[in-house]
């Protein structure tokens with residue numbers, strides 16, 4: 001059995017946990033009553049969120065339970081270099097706010113594939129990116145959160161794995177189904193507060209217990225398990241530069257690979273991934289979106305101190321368990337033969353935290369899992385509803401789209417539960433490495449597609465499509481080749497017998513794949529017909545001041561039509577001037593009965609109460625929402641909010657005083673990141 005499973009919770013811990021759930025339920029129910037009755041309200045929170053909520057939601061959506069388990073485990077295993085990923089994210093949050101968000105806001109889009117449809121036309125790129133985003137959400141993001149959450153629940157609470165994860169998933173789905181993005185952002189906000197406070201308390205206790213920062217530096221290289229002292233290999237021995245953020249030639253985390261390779265993946269994750277960008281688009285205006293990126297950037301400076309250093313302290317305090325290197329011993333400790341560094345944070349919580357505060361920290365971990373899941377559920381339902389369902393139901397009513405979004409969340413819940421046995425069979429660190437590798441294989445072509453589309457008008461649909469396809473084939477080939485070999489529990493260069501091409505670091509491969517995809521995109525675009533100017537007004541960063549509005553690129557009916565023919569005349573929309581009576585002619589008998597059920601019904605009896613409950617869950621309390629229908633153009637579908645952006649407002653915000661203040665703060669934050677990198681760099685590297 002796992003060494004720490006015998007720990008029992010004090011009654012005060014259970015009380016704090018119950019109070020936490022009541023608090024979150026209260027916030028969820030209260031926020032569920034806001035911005036629920038329209039598609040714009042459900043998917044983009046009415047575009048009314050201030051910068052504090054936006055920043056907290058960006059941070060909470062990113063920092064899931066996987067970060068607490070993964071970052072602390074990597075810190076316990078090899079030192080502080082893993083924090084480079086967090087510091088690097090600060091730079092790309094600034095890129096999101098100053099480069100990408102202005103274009104997205106002027107385009108007035110709900111989803112990222114929707115922007116791609118406006119920018120390039122056609123359908124095949126949009127379908128490709130939509131399916132890819134849903135696959136990544138289901139099989140990587142949800143899976144890694146459930147895996148890391150399962151580790152913590154197993155180690156800390158001794159709950160049944162399946163029952164505990166199912167309860168958390170269903171609770172996360174409740175907030176998403178009931179209130180949409182408004183409920184998600186508000187619960188993200190309160191859970192961010194809980195995460196930071198509890199992690200800060202554990203950090204202080206850990207530093208006091210070990211004796212301070214200098215003691216971490218002195219003791220960490222000697223935090224070896226008993227079995228490590230008697231083996232003949234270097235397995236279980238910390239990295240030589242364990243206290244350095246910059247490791248230029250490190251085999252696992254080379255600094256240049258992190259700067260450039262991780263930078264490529266950050267373009268995908270921070271600047272074009274639906275889960276993240278949706279939070280920025282929910283801001284009430286561009287200034288609040290940029291300020292929200294700054295708030296998230298400030299919070300991203302904390303994981304080094306709140307998570308990574310405590311992971312190193314856990315190894316110092318419990319070396320035989322955290323630092324085990326013998327596969328048989330590790331299996332006895334944590335049921336994994338690949339090492340037990342992932343239990344570092346749960347060990348600290350259970351053995352160092354006092355009563356009641358331990359319960360708060362457990363609530364912190366549950367909050368991290370729930371906030372990440374709610375973000376993924378809401379964003380995935382948005383993509384499915386706007387980018388897939390509307391392709392087949394272009395004249396769908398608002399109430400239909402909101403019901404479809406909520407039903408799809410429940411489908412995601414079902415898939416997540418079915419995925420649990422796969423997570424359990426993955427055995428620890430293998431899954432975490434797998435998630436990182438998948439990003440490096442699939443993200444670079446998508447990053448090239450978005451970045452080139454934002455920067456250069458000359459990039460067209462053919463170039464973007466073939467850049468994506470070429471990158472996909474190369475990435476999948478590398479993925480199959482690499483994982484056809486069995487990874488060793490202790491990864492040492494002189495023991496690794498795999499071909500050198502396979503051992504090529506995934507961070508460097510990310511850069512290479514990005515360059516190849518970009519070259520293919522540019523060459524094909526230059527060899528084919530450009531997109532006429534009238535179709536891409538305001539859809540690139542250098543064209544934001546253009547007062548003209550882009551015309552939707554006409555596309556012939558069909559699932560995978562490519563936009564290689566740009567018509568000289570605008571094609572009228574078949575339903576452009578249709579009245580509600582005309583729309584009703586296209587409804588099936590079943591749909592008409594469903595609509596009649598909402599508009600009429602008995603005022604007494606069980607049918608009335610069932611109808612009332614169903615209508616509240618689906619956000620259809622206001623009868624006027626039942627008559628809304630979609631327009632033909634999916635450039636701006638169902639946006640009933642009053643905060644629509646136009647080119648004039650974007651130009652005004654670019655020159656406003658608050659915009660300048662945000663820019664100054666961004667420069668200061670980048671300088672702070674540079675200082676942290678320099679301060680936590682081994683002096684031997686600095687001398688070289």
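Yeah, the Cβs are placed from backbone N, Cα and C, and that goes for glycine too.
All annotation found in TrEMBL is predicted automatically rather than curated by experts.
Segment annotation: TrEMBL labels transmembrane segment over residues 159-186 (candidates 159-186, 215-242). Of all ranges given (330-351, 484-505, 506-527), TrEMBL attaches the label transmembrane segment to 506-527. Most Cβ pairs within less than 8 Å of the transmembrane segment (51-69), among stretches 89-107, 127-153, 434-456, 463-481, 662-680, belong to 127-153. Residues 66, 99-100, 103, 112, 116, 119-120, 125, 129, 132, 136, 140, 143-144, 261, 264-265, 267-269, 271-272, 426, 464, 467-468, 470-472, 475-476, 478-479, 482-483, 506-507, 509-511, 513-514, 517-518, 521-522, 539-542 of the same chain lie 6 or more positions beyond the ends of the transmembrane segment (434-456) yet place their CB under 8 Å from a CB of it.
Against the transmembrane segment (193-212), stretch 291-313 has more CB pairs under 8 A than any other of 89-107, 127-153, 291-313, 399-422, 463-481.
Contact counts against the transmembrane segment (463-481), taken as Cβ pairs under 8 Å, peak for 127-153 among the stretches 89-107, 127-153, 291-313, 399-422, 662-680. Counted over residue pairs 6 or more apart, the CB atoms of the transmembrane segment (127-153) and the transmembrane segment (399-422) come under 8 Å in at least three pairs, which marks the two as touching. Listed stretches 291-313, 399-422, 662-680 were compared with the transmembrane segment (89-107); the greatest number of C-beta pairs under 8 angstroms is found for 291-313.
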